[in-house]
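Visitor: Per Swiss-Prot, the feature active site maps to His109. Sequence annotations record features per position, and here Swiss-Prot assigns NADP(+) binding site to Tyr26, Gly27, Ser28, Gln29, Ser52, Ser54, Asp84, Thr85, Lys86, Gln87, Gly135 based on sequence analysis. Annotation comment: Swiss-Prot describes Asp192, Glu228, Glu232 as Mg(2+) 2 binding site. Annotation source Swiss-Prot lists Mg(2+) 1 binding site at Asp192, Glu196. According to Swiss-Prot, the substrate binding site annotation covers Ser253. The domain 'KARI N-terminal Rossmann' annotation in Swiss-Prot covers 3-183. The annotation domain 'KARI C-terminal knotted' is assigned in Swiss-Prot to 184-329.
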Amino acid sequence: MATEIFYDADADLGIIQGRKVAVIGYGSQGHAHALSLRDSGADVRIGLPEGSKSRAKAEEEGLRVLTPAEASAEADLIMILAPDTKQRQIYADDIAPNLKSGDALFFGHGFNIRYGLIKPPSDVDVAMVAPKGPGHLVRRQFVDGKGVPCLIAVEQDASGNAQALALSYAAGIGGARAGVIKTTFTEETETDLFGEQAVLCGGASALVQTGFEVLVEAGYQPEIAYFEVLHELKLIVDLMWEGGIAGQRYSISDTAEYGDLTRGPRVIDAHVKESMRKILAEVQDGTFAKEWVAEDEAGRPNFNKLQDQGNAHQIEEVGKKLRSLMSWTQRP
């Protein structure tokens, strides 16, 4: 099936301009969505708890700030951009009691819908708009007259117009300037979780730590090991990001490329691929979601233990020392 990609010419910005939008949350994505929608002519309000530290920031940026319940009652399109683990409670306490027939419930990630943690009534639209970039980039690109590609999906089309509404919303945050790709809640959620677990976060972190351990255990200086398996990773990832794997290989030495082509498959071998398939299966059948929800509800004991173990790894101490020598790695 051919991928469907939409652009500004395919979107009707007037649709989102005619809605009352509530953005629940004002973190990385929340601020980018709210400010860009406002600048696109939409009627936007923010939903935050009374004690939220983000309330002052949102008000300083000229946005109306209400409680999540008040914002939901006032709006006819509610975008939930709170953390995954908090969405179910926010929905039950503040949104569900204020949902009206014909409203639209939007998400920036499909987790809670895909795994049935939130079950909207049948008379509301349920859709997703997910920019493929962090909030600060979404906002900066919008202000510069550009955009970050977005995914859109429709889970429930009560109005018969949910896709057009999602596309209009995506255009309102600049996504249609770059391209809006149609997907499903299932595809977005499962590929996102798999990517995080097997490659981007879990896979990369474990690969780097294990490579560091192999070098140090073989008698090499930890500082040298850090440079070779962690620090220089950014150089390679940047090359991949700019030109794909082929572009990265074109830019490195022949020696490095030969080692890549002949040794890489020995590290990421058939056994690793089978482990990846098992991880994907746990995402698909809900095993991971059930485990994570139970872990969160129990106070995150295993999460905290594993986090502490990771923070205590030798690579963290070595890295902190070496990064202090490199001013360009320091965040302002």
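Quick reminder: no glycine exception, Cβ is built from N, Cα and C everywhere.
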Visitor: Just name the winner among Lys86, His109 (the recorded positions) by count of other CB atoms within 10 A of its CB.
Guide: His109
Visitor: The domain 'KARI N-terminal Rossmann' (3-183): mean pLDDT?
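Guide: Taking every residue of the domain 'KARI N-terminal Rossmann' (3-183) together, the mean pLDDT is 97.
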Visitor: So which recorded positions are near Asp192 (Mg(2+) 2 binding site), with CA atoms within 10 Å, out of Ser52, Asp84, Lys86, His109, Ser253?
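Guide: Qualifying among Ser52, Asp84, Lys86, His109, Ser253: His109.
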Visitor: I'm trying to understand the geometry here, so how far is the Cα atom of Glu196 (Mg(2+) 1 binding site) from the Cα atom of the residue listed as 'active site', in Å to the nearest whole number?
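Guide: Given the Cα positions, Glu196 (Mg(2+) 1 binding site) is 13 Å from the residue listed as 'active site'.
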Visitor: Taking the Cβ of each of the binding-site residues and counting other Cβ atoms inside 10 Å, which one has the highest number: Tyr26, Glu228?
Guide: Tyr26
Visitor: Would you mind listing, in sequence order, the residues at least six apart from Ser52 (NADP(+) binding site) in the same chain with a Cβ closer than 8 Å to its Cβ?
Guide: Tyr26
Visitor: Out of Asp84, Glu232, which of the binding-site residues is least crowded by other Cβ atoms within 10 Å?
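Guide: So among Asp84, Glu232, the binding-site residues given, the one with the fewest Cβ atoms within 10 Å is Glu232.
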Visitor: Counting by DSSP, what is the helix, strand and coil composition of the domain 'KARI C-terminal knotted' (184-329)?
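Guide: Split by secondary structure, the domain 'KARI C-terminal knotted' (184-329) comes out as 125 helix, 0 strand, 21 coil.
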Visitor: What Cα-Cα separation, expressed in whole Å, is found between the residue listed as 'active site' and Ser28 (NADP(+) binding site)?
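Guide: Each residue's Cα considered, the residue listed as 'active site' and Ser28 (NADP(+) binding site) end up 14 Å apart.
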Visitor: Check Gly135 (NADP(+) binding site) against DSSP and tell me helix, strand or coil, would you?
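Guide: Where Gly135 (NADP(+) binding site) sits, the three-state DSSP reduction gives helix.
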Visitor: How many neighbouring Cβ atoms, not counting its own, are there within 10 Å of the Cβ of Gly135 (NADP(+) binding site)?
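Guide: There are 22 of them.
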Visitor: Among all the protein chains here, how many other CB atoms are within 10 A of the CB of Glu196 (Mg(2+) 1 binding site)?
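Guide: Within a 10 Å radius of the Cβ of Glu196 (Mg(2+) 1 binding site) lie 13 other Cβ atoms.
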